[in-house]
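One structure is given here, and the rest of the page talks about it.
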Amino acid sequence: MKNRVISLLMASLLLVLSVIVAPFYKAEAATVVNTPFVAVFSNFDSSQWEKADWANGSVFNCVWKPSQVTFSNGKMILTLDREYGGSYPYKSGEYRTKSFFGYGYYEVRMKAAKNVGIVSSFFTYTGPSDNNPWDEIDIEFLGKDTTKVQFNWYKNGVGGNEYLHNLGFDASQDFHTYGFEWRPDYIDFYVDGKKVYRGTRNIPVTPGKIMMNLWPGIGVDEWLGRYDGRTPLQAEYEYVKYYPNGVPQDNPTPTPTIAPSTPTNPNLPLKGDVNGDGHVNSSDYSLFKRYLLRVIDRFPVGDQSVADVNRDGRIDSTDLTMLKRYLIRAIPSL
């Protein structure tokens, strides 16, 4: 956990942010989202998101560079690597929304990076650079032990709410869902659809931006362990969701495959059922990716048109994106 030393370092970070980051953050007028928001990371959506291009300083021993935020096979990837000829020895990625989000349920599906001395994160943040107090809610993976996740939050720059939760699995080995429901008098944290912790003191109140980053620490060895300089390292993200009215149907999106769908008319071909088993599920999604990567040149199903999910007469990445949105319940049907 962070100790008094960490708190002091983070306080100094707040001052640095107010000076260095202000021009970057103020590029967009503040907009608070009060409707459901779903982002599937098939590509860079510059209308909703920004790639950071600056440095925090303090405990963050890297510069954020847009080149370190990439998209591949339906994932957003943050890459920590060496930086040559700059003010920092390392470069990495940070991705964040242009808009602000308040009370509600937040969820991410991600795979953390594993290595001593680093942090993979999903969080909300606002601060002096937004003309706001420093309010923040964190889900953080300390790379030295990715069988645990750390929850924390700040209200007006005051933290000290760290809680380490034993996951029962290694977060760097596979994708899982993590979330939190933020309310005026509590924050509930979730792992794979199960509520695992509730915080009730010093709850933040100011809407913030949804953010993700990967970074190596410096001067915080007691917390993170001493970073050994290993590169490249990657944290991967599949989607982000926000529901202002709280946990949808009192149950966050679980990691296991969504129950297969069955056509109402069995005589009609089922859109998205590219393996021809009568259902649309993650097996079809995996097969579709293999097709687009040209690992296979034809789907097992007889009617190849079932792959034209968006019905535009072509079979391409837009169909895969639509299929993925259906599987994570971002859209009700195909």
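Each residue, glycine too, has its Cβ placed from N, Cα and C.
The signal peptide annotation in Swiss-Prot covers 1-27.
Across all of the domain 'GH16' (28-248), the predicted model scores a mean pLDDT of 96. Taken from Swiss-Prot, the feature domain 'GH16' covers 28-248.
Residues annotated as active site, nucleophile in Swiss-Prot, with sequence analysis given as evidence: Glu136. According to its DSSP assignment, Glu136 (active site, nucleophile) is in a strand. There are 20 other Cβ atoms within 10 Å of the Cβ belonging to Glu136 (active site, nucleophile).
All protein chains considered, the CB of Glu140 (active site, proton donor) has 20 other CB atoms within 10 Å. Among the features that Swiss-Prot reports, active site, proton donor is placed at Glu140, with the record citing sequence analysis.
Swiss-Prot lists 267-334 with the feature domain 'Dockerin', giving sequence analysis as the kind of evidence.
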Residues in the domain 'Dockerin' (267-334) grouped by DSSP into helix, strand and remaining coil: 26 helix, 0 strand, 42 coil
